[in-house]
Amino acid sequence: MKQRSYLALEGITVEFPTKAGRFCALDGIDLEVEKGQFVALIGHSGCGKSTLLNAVAGLVKPTRGAIFLDGEVVDAPGPDRAVVFQDHSLLPWLTVEENVRLAVDKTAGGKNKAERKDWVMHNLELVQMAHAAAKRPGELSGGMKQRVGIARAISMNPRVLLMDEPFGALDALTRAALQDVVMDLQARLNNTVLMITHDVDEAVLLADRVVMMTNGPAARIGEDRAVTLARPRNRLEAIDAPEYAEARSAVIHFLHERYRNPATLAA
Amino acid sequence: MASPSPSKNGGPSASAGGTPTELGVIVPYPEEAIARRSFEPVAAPVHPLVRIARSMAASALPTVVMIAGLLAFWQLLCGSPSAAFPSPLAVWEQSHDVIMHPFKGVDIGLTHFSIQDGGDVGIAGHVLTSLSRVLIGYSIAAVIGVALGILIGQSVFAFRALDPLFQVLRTVPPLAWLPISLAIFQQAQPSAIFLIFITAIWPVILNTAAGVQTIPAAYRNVAKVLALNPVEYFVRIMLPATVPHMFTGLRIGVGMSWLAIVAAEMVQGGTGVGFFIWDSYNSSLLTDTIVALIWIGMVGFALDRIVAFAGRIIGRAG
């Protein structure tokens, strides 16, 4: 038996039934991710990135293929694969602390009340949101909500952290601040991360590998490029490194030359 | 206009009275113009209580003026002795006893109240009788309505099975249930309560179901990722997400209950504010009916506000 990677996607095909017949979103995706690796998935809208992430999360069942995490098959959602949703998905009737606490209560078996509270506050501190623990999501800005969304996910000590376009709805400066938070967390926790993004710079800055997907339907992995920038990373050092420019250029050539946006082709 | 001329465009020019320097022209500060400016005197600070009282008065004033105008208009219209409809002054004079002694025959303690059986009971006693019926019937409707709403909101099968039935039954006017209700219960009190129940339950069911069906997919995904069990999902996600819809239904339901109870009591007789209206009409005491209408309106308004307030409190508490 061959040795599988920490996270292994083998022949993932996802088809959706539609009125016009079966729609094939993903066609036989193979992806291997090592423990502690940060992988960015990039591709044009509608290429099935979210479907792939949801399949790993267990929210979408693949039509064919299997996903292995640490040697075990995953086929249902669970807190070992925490998700940072694009729309943050905080529960508006709970405070920031209660939102994180809900996740901690489901994952912190054996910890007593005081330890759980400390753990909640520790994770809020990691994203610099401890000051807003008593606030409700409605009182926070978009960037702050997403910080809490990240705190909720990492507080679950996930085996894989899944991020679904986490900063897609944020303005450029807030996005940069959140990227710094993620870089800082990655330096401290060394999570295994799968992140979807539309942003080339974000992918290159944050990821160890940029996985580029072809246009859907029946999307596949078109190219898989390692980003060898040293860790821990720093935004200003990174953008001046030759490797950054090379990786960025490779991704842009892929997205705008080899697999152009189907929407712009139509226009 | 074809050739651009910098001086016409208000560009820097020594003739404007400024001093040319290396960097440009320094225009002297217009001291005279500044001296001519006048400022509004700063208002003396007002005590917060005074400010609150002022803003309340400002918001209540139009209502007061409108009511006064309406009463004056009514008095003008019906003031002559030959008018078929009593004027406000006639209501005040002829129904003085009803207006001033609403709690006649009612014994209210801190923990209980009892209403004299039969005989001469004030309007508040009748209102309390009606309210107690509404309270019982509406409470049962709220509990069963929320439960059924969650059931058909959750289960597609239950929705397909029951929704058509509910859609048909909810259009039946409350009073049409009265003969059936009387046939089942034989007595006035339980049949009135049943009537309230059957009137109030439909909006509660349908709004709760709509609330459950429209729980955002985002919250359901959170529940899945956290692997919440069904009980946790119900308490932590479904109930709080549905509360606003639920209370919309409960508010419509309480209003409909109040409509139905008056009608039911008019038909059934005995006690209650509906009976009071019917009784005063039969005794040709139209002014008493007018007083009763005002009471009914105020109580209905209060019921609506109480349920809305409860919804806000519960929605906030989560």
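Backbone N, Cα and C define each Cβ position, glycine as well.
Record features (TrEMBL):
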type: REGION; residues: B:1-22; note: region 'Disordered'
type: COMPBIAS; residues: B:1-18; note: compositional bias 'Polar residues'
type: TRANSMEM; residues: B:56-77; note: transmembrane segment
type: DOMAIN; residues: B:127-307; note: domain 'ABC transmembrane type-1'
type: TRANSMEM; residues: B:135-159; note: transmembrane segment
type: TRANSMEM; residues: B:192-213; note: transmembrane segment
type: TRANSMEM; residues: B:257-278; note: transmembrane segment
type: TRANSMEM; residues: B:290-314; note: transmembrane segment
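For the transmembrane segment (B:192-213), the residues of the chain that approach it from at least six positions outside its boundaries are 133-134, 136-138, 140-142, 144-146, 148-150, 152-154, 159, 163, 166, 169-170, 174-175, 177-178, 181, 184-185, 238, 241-246, 248-250, 252-254, 256-257, 259-261, 264-265, 268, 272, judged by C-beta separation under 8 angstroms. If one looks beyond the transmembrane segment (B:56-77) by at least 6 residues along the same chain, the residues whose Cβ comes under 8 Å of a Cβ in the stretch are 83, 87-89. Beyond the transmembrane segment (B:257-278), the same-chain residues lying 6 or more positions past its ends with a Cβ under 8 Å from any Cβ of the stretch are 115, 121, 123, 126-127, 129-130, 133-134, 137-138, 141, 174-175, 178, 182, 188, 191-192, 195-196, 199-200, 288-289, 292-293, 295-296, 299-300, 303.
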